[in-house]
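Peer 1: Take a look at this one; I'll ask things after.
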């Protein structure tokens, strides 16, 4: 009997030992052998980069370079790549265009050839979003149709698309105009007292565009929308911290201060949105007409999709899905337009000849009247200026995908588990595409449209390209055109003496040390 127990104990011990060894091997394979195998395959195909460092990869080196780059402002020019992505810039200069870096244990190749870029963006089912390599809590913010793949992405995009048709955008214009009118009227009153008015424009446009989103997304529930925006701003700051860290699986479950706060904010936002959505759904079921805002259009489109699918439970979006899309409306819509208006104002301050050209065009089209949709879309100089600002200061500095199986890309076979980065801010400065003046602000390059400016290459990516091109790009451009036109009708502007040129990236490209601009009322009132 005693011998039997001894055998059992040894068997249990042997089993535990075997399980521990199997687990240790899996961890070692995940953390060391797999990255080294991928590195070997990349090097065999001519890719070059730093050797893999256990778990951290290039994170420490990249972080140090990033800190150094941001510690000092720069001259006012558009050579912002060394400041925004110093480690990528250093790697490409050191190892060439066919190079790779390490995001922890994940290798990331840089793709800069137009034909390969087109291939990546055309085959979105192979080259997918890479949110899975981050802390899962990142998905509290980076969610919705932009983060989905496959059938779920296709269904969500189909349901959401009706909210962004030209007809719907046209109906949003009055709400845009009210928000801009209220802000500019305040500026005029302050400028009348003091002769001019100095504004830190990025936070001002940030709040303004959030007001616009609140109005067009939630209509009559605008006040609740404002509260959601404030919580989302805090969630964005915490999300950025998460994305800068090397993610260790399971870390999101630990009760750290940041993890707890992110979960609290997400619950609060989710509860508020659920209340708004349930109220709308009850009204629709009671036969009341839907509201003509983004949420109203989304809910009606969702009901139609469910009916088309034979009222199947999984035929449309769930309430939770709608909540995630509302978060995306807020974050993407507000951030993109806010930074676009900010950099447009700064660049037009530095190029007064283009400011004057745009103003003359706006005044000829509208005089002092409120801009209207049809003619707004035919403002050639204003459109060219916005395209050029998006080239030099795109909202996001790169598009990064991940592949989950070995994938042929041009002459290369990219190993599964590799990230593929399209460095947008670099591509937008390629002299072979844009000419010798690629670093200069020259809206004339877009006089004959984007295709002509890029020589029909897929190298202009402020809103991505292909099947996953940003649904809201026309929303952002229309709002920016209206805002810029209304500002030009009333003010001349120049950067304040205190302005320091220091672009940096917090999800989007923003001014690091403020964005102070001086506005002076136009003397000419009889247009």
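Quick reminder: no glycine exception, Cβ is built from N, Cα and C everywhere.
Fair warning: this is a prediction, and the values are worked out from it, not measured in the lab.
Feature table excerpt (Swiss-Prot):
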- 1-11: topological domain 'Lumenal' (TOPO_DOM)
- 12-32: transmembrane segment (TRANSMEM)
- 33-527: topological domain 'Cytoplasmic' (TOPO_DOM)
- 470: heme binding site (BINDING)
Peer 1: Using a 10 Å cut-off, grab the number of neighbouring Cβ atoms around the Cβ of the residue listed as 'heme binding site', all chains included.
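Peer 2: For the residue listed as 'heme binding site', the 10 Å Cβ neighbour count is 17.
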Peer 1: Per-residue pLDDT averaged over the topological domain 'Cytoplasmic' (33-527) comes to what?
Peer 2: 90
Peer 1: Once the DSSP letters are reduced so that anything not helix or strand counts as coil, what is residue 470 (heme binding site)?
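Peer 2: In the DSSP reduction, residue 470 (heme binding site) maps to coil.
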